[in-house]
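K.L.:
Supplied in structure tokens, the structure appears directly below.
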Amino acid sequence: MEKLIVGTLLLTVLSGGISQSDMDGKAFIFPQESSTAYVSLIPRVKKSLQNFTLCLKAFTDLTRPYSIFSYNTKTQDNEILLFVQNSGEYMFYVGNSAAIFKAPTSLYDPVHICVNWESASGIAEFWLNGKPLGRKGLKKGYTVGGEAKIIIGQEQDSFGGNFDAKQSFVGEIWDVSLWDHVIPLEEAHDSCDGGNLINFRALTYEENGYVVTKPKLWT
């Protein structure tokens, strides 16, 4: 009985295949190139954003372009998009406008990405593996829509769909957090815990296609 209660607390399956789970210590694995494998992340609250902070960890050995995090609304593609165009070249979109951050990377190392953006100044700040890659400006005064589809594993070319296998993510993603405010990234890079919109320790999500959940290999 005790084990059953604990299991119920850790994983609750909701209608339509949606799950709630403490994903601490686990990773989503996207084992192969696909246009059908992805995970929908469901925020605790749907709200418009004038500031946000996004942190996540990932591993891949892809050398082609791929999407890591895709946030679309019905009226705007690439409201928030984290996309790798080339090795070490990170394209960060807000409101379908991009800033590019470049860093030397080892092809076979996991990455810890933290980025924030504030509407008032338009400044986006990007950190990779605990080191700042600088600050750039985009979409000053913009408001990110709140009625969104949030997807990891694919890049949305329409609201919740129109995926291209050649932009799909192959590898592992874990410790995803999203906040509705700016967090100093020199603090956030130590941990990806506690997002008030998306929190990996209390995650609501839906797996689609060939996605596997396993204990994470890296911290």
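The backbone N, Cα and C atoms fix where each Cβ goes, and this holds for glycine too.
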K.L.:
Taking Swiss-Prot at its word that Glu155, Asp157 bind Ca(2+) 2, choose the one of Gln85, Gln167 listed for that site.
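P.N.:
So the Ca(2+) 2 site in Swiss-Prot includes Glu155, Asp157 plus, from the candidates Gln85, Gln167, Gln167.
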K.L.:
Round to the nearest Å and give the CA-to-CA distance linking Cys114 (disulfide bond) with Asp77 (Ca(2+) 1 binding site).
P.N.:
21
K.L.:
Would you list the other residues of this chain near Ca(2+) 1 - those whose C-beta lies within 8 angstroms of the C-beta centroid of Asp77, Asn78, Glu155, Gln156, Asp157 - in sequence order?
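P.N.:
Along the chain, the qualifying residues are Ser67, Ser70, Asn72, Leu81, Ser158, Asn162.
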K.L.:
So, three-state DSSP: helix, strand or coil for Asp77 (Ca(2+) 1 binding site)?
P.N.:
coil
